[in-house]
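Below is one structure, written out as structure tokens, with a few remarks after it.
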Amino acid sequence: MSENNNNNHEEKEKERDGEKEKERDGEEKVWDGEKDEDWNEERDEVLVRIPPPPPQVVRVGQLAPGAKMNGLGDEGKTNLDGQQPVSRSIFPFSPVSPAGERIRIMLGEDDDGPSPPQLFTELDELLSVDGQEMEWKETARWIKFEEKVEKGGERWSKPHVATLSLHSLMELRTCIEKGTIMLELEAFTLPQVVGKKTQIESGLLKAELKDKVTYTLLRKHRHQTKKSNLRSLADIGKTVSSASRLFTNLDNAITCASLVSLNVLCYSPFQLKNKFMKKLPRDAEASNVLVGEVDFLDAPFVAFVRLQQAVMLGALTEVPVPTRFLFILLGPKGKAKSYHEIGRAIATLMSDEVFHDIAYKARDREDLLAGIDEFLDEVIVLPPGEWDPAIRIEPPKSVPSADKRKNMYAGGDSGQMNGNTPHDGGGGGGGHAVGDELKKTGRFCGGLLLDIKRKAPFFASDFYDVFHIQALSAILFIYLGTVTNAITFGGLLGDATDNMQGVLESFLGTAVSGGIFCLLAGQPLTILSSTGPVLVFERLLFNFSKDNDFDYLEFRLWIGLWSAFFCLLLVATDASYMVQYFTRFTEEGFSCLISFIFIYDAFKKMLKLADYYPINSDYQIDYVTQYDCMCMAPTILDLPTNLSFHGWERLQKRELVGKACKYVPDITLISFILFLGTYTTSMMLKKFKTSPFFPTWVRKLISDFAIILAILIFCGVDMLVGVDTPKLIVPTEFKPTSPNRGWFVPPFGGNPWWVYVVSAVPALLVTILLFMDQQITAVIVNRKEHMLKKGAGYHLDLFWVAVLMIVCSFMGLPWYVAATVISIAHIDSLKMETETSAPGEMPKFLGVREQRVTGVCVFILTGLSVFMSPILKFIPMPVLYGVFLYMGVASLNGVQFMDRLQLLLMPAKHQPDLVYLRHVPLRKVHLFTFIQILCLALLWVLKSTVAAIIFPVMILALVAVRKTMDYMFSQHELSFLDDVIPEKDKKKKEDAKQKKKMRSIDSDIDDVRLDYILVVDQG
């Protein structure tokens, strides 16, 4: 035992000798790798952040470097909070490291409070500009990515990913470890900050150098703007060739009292006019990094300052935002490159989301060191011989979220499906959350009452949230799509029912049903419309009524009443909870089918137009006389006055007279130009907001009005060309299409009494159709990737569909249900993105502008379309078919099924890095895709035949098909390819597992604390 004590004593003596040797070396160790200003580029390894692996930690029982220093740099005091950096050691380790615990505690604090504000970081270097006095020159800036001042000094570089050398990061860590740390400093001006005597008191700065350091830090700041904006008249003409002239006659010219005047504490005009402010959120704060070389220091002067309150420090920052952090590094001459790289390193760390939070919550030096170690643990080193550091890496289109890194330390769960597979849904869709909206209450109308309570607080905001220019674009876009669909469906319905229901009934029914639904339903973003299966049912019902001498409208009325009753029964029993069994497999099958129908119908209508206006490919000018055209001599008015009779006989000029003489068979060709032109222009203008042309607000405005602009452009082209293309035809009189009916259908007198009872049988089929169409569309609209904040209302939506079915049945109007494609287009036209985004960063999706006004206005305009016929008649039908094609294609964006279809044609080496490809074998991915293709093909066949009446039953069968896939795929595979079907006790299992996990973590932390205290006591 005594031998062990002696050995320990000798080891401690060696450690103390080593520490004394380090102190004698002074600060020179900080710059140990640098011999001259010419940096050896081959030893710079570039660091790039990668997604974090599972947390690993180091062995407990060692103190971190610098653990004997407290948060203010005092030596000789043991800090029990000193922690080890996070490590991925291959040696045995405790489940939780002290540094990991420190970060976990910091990031876990104040989770319910506001998050730290966005930081703008500016790097200023002490330089002599244009041979003038030494002053602080802005050389780089960060919000998310780095922007450098180009060597010419006249412009900013493009935003790029900051690449750092590993050596600079290690030296930055030494700076934080050895330098002064001042947290929660109470100061309101820059002179107050630099006037602190902490460095002198800790022995890191000689007292006689204080005035020189203060004078240097208070020099003028020149930002990347027009020259002389910040230079006073007294500075003009002063020239300094080197840093040594900065302090000529310092004792006679400068006193500490006069230094305050060197720091301008008011805004300069360029700050207030700086357009860069648009890139910053309103609550943004600044982090200023000041680095430079001077000739009066023998060792580096380092300070990291966090102010107690963010304050305005005048012209210190390029933009007028309050400063919260200051990092100061002044050192001896000859190592400017090193200082520059260290400044870039701390600026890059401040722009990192995790270190950014740590910097705000740090309580002492060790917290900052733990944050740097966490950053170092998440980087990867690239060999210098295989990559050129001069190459600037473009910002990625999508930046991985730092939430996983934070949750790894905060004890949170990174998101799990089926309780065992943490991932983000596999890409291409996120499913729908099972919450209160789909809760089975077990009470009469319990779900309906919960929907009303949930939506009532937002009813007022649903009307004033519409005030944005984007809403006008959405109204016009959805209106044109709705009108086109109403005219098309009304025409087909008129053909199927001998005009008992026609275009005018379609217009009126769309206006009444859609307007009431958007005004009072649970999800006003859903757009009601007629569907193909409803049209098939109407045709079969009319033929059956005609063959059996039934009154079609009365028979239809009773079917509608029974179907509405069944729907209300489903509402009262909370049957909408079954929606949670509609997984992505069912949703994608249904939505893709509807999208393909839109695309197919758009081309079908164009081909039908080509049949009506055929292209005469063998048309020749010599055949014109075979049409209604005659060859006649010119009139007397067109002849010269001195023409003789002999000249008349020899005159060869003739004129073609007749309607067909100028016939050119180009109606079909120009129609296809309008059709494809509208589609391609809509797609291009919609993506215009990501183009490099024009200011941001112009790009966004063009993108919002993309479809309207495309329609106006090609309406203008049609008018300019002058070809008589088919135009939109709108009814001009407000009366029923058929003279044999009125606006009210009597319920009795037209059919035998038993028909009223028997009509309940076909009503069951209609009920299934309405329930499936409505709820699947509602599920797609309410998907979590749309980030809707006002909640869903499945029961309330179905309630109003039932009520409106009663109204439409009594008025003899078509039945309406949620339209998938138009609803998706409505959501897409109302998507919101961040108004301020960092340079190089893609705007973040914030959600959808949830309100009721756009839908209500769309259907009001639809009802008024009868009176707008003089304007609407100028819109060519091919242009509207192009809008149909756009809506069909656009609704397929982000559908995982489409991504997997492309994988079938891709070699493995060219396949994108999709999440589910990492976890699911490729053959299983293809098998899942083939099953979806077979189901989609079967639905398409049913839709195209008389069997379309059982289409809703087959949609319901998709749920059964998905259930059988549990025997073909593991739950792990299905959690990436699809949503896992909920079990009754799933929530209980997840809660128990989460509690068990937290108890395990708490137990490990207690063990670590006990071991650490024992080690300290033994020391």
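Note that Cβ sites are derived from N, Cα and C of the backbone, with glycine treated the same way.
If you check TrEMBL, you get these features:
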- 8-33: compositional bias 'Basic and acidic residues' (COMPBIAS)
- 34-44: compositional bias 'Acidic residues' (COMPBIAS)
- 118-389: domain 'Band 3 cytoplasmic' (DOMAIN)
- 443-981: domain 'Bicarbonate transporter-like transmembrane' (DOMAIN)
- 1-93: region 'Disordered' (REGION)
- 409-432: region 'Disordered' (REGION)
- 471-494: transmembrane segment (TRANSMEM)
- 506-535: transmembrane segment (TRANSMEM)
- 555-573: transmembrane segment (TRANSMEM)
- 585-603: transmembrane segment (TRANSMEM)
- 667-685: transmembrane segment (TRANSMEM)
- 705-723: transmembrane segment (TRANSMEM)
- 753-772: transmembrane segment (TRANSMEM)
- 793-817: transmembrane segment (TRANSMEM)
- 853-872: transmembrane segment (TRANSMEM)
- 879-898: transmembrane segment (TRANSMEM)
- 930-961: transmembrane segment (TRANSMEM)
**Asked** Counting Cβ pairs under 8 Å that sit 6 or more residues apart, are there three or more between the transmembrane segment (506-535) and the transmembrane segment (853-872)?
**Response** yes
**Message:** As a test: from 471-494, 667-685, 705-723, 753-772, 930-961, pick the stretch that has the greatest number of Cβ pairs under 8 Å with the transmembrane segment (853-872).
**Reply:** 471-494
**Complete:** Among 585-603, 705-723, 793-817, 930-961, the stretch with the most Cβ pairs under 8 Å to the transmembrane segment (879-898) is 585-603
**Message:** Would you say the transmembrane segment (753-772) and the transmembrane segment (793-817) are in contact under the rule of three or more C-beta pairs closer than 8 Å, pairs 6 or more apart in sequence?
**Reply:** yes
**Message:** Using Cβ atoms and a strict cutoff of less than 8 Å, what residues sit near the transmembrane segment (667-685) while being 6 or more residues removed from its termini?
**Reply:** 602, 606, 609-610, 613-615, 702-703, 705-707, 709-711, 713-714, 717-718, 721, 723-726, 876-879, 881-883, 885-886, 889-890
**Complete:** Relative to the transmembrane segment (585-603), the stretch among 555-573, 705-723, 930-961 with the most Cβ pairs under 8 Å is 930-961
**Fill in**
Sequence-distant residues near the transmembrane segment (471-494) by C-beta distance (under 8 Å, 6 or more away from its ends) are 501-507, 510, 514, 527, 529-530, 535, 538, 601, 605, 704-705, 707-708, 711, 728-730, 737, 814, 819, 822, 825-826, 829-830, 849, 851, 853-855, 857-859, 861-862, 865, 872, 875, 880-881, 883-884, 887
**Prompt:** Who are the chain neighbours of the transmembrane segment (555-573) in space, where the CB to CB distance is under 8 Å and they lie at least 6 residues beyond its ends?
**Reply:** 444-445, 447-448, 538, 541, 545, 745, 747, 750-751, 755-756, 759-760, 762-764, 766-767, 770-771, 795, 798-799, 801-803, 805-806, 808-810, 812, 815
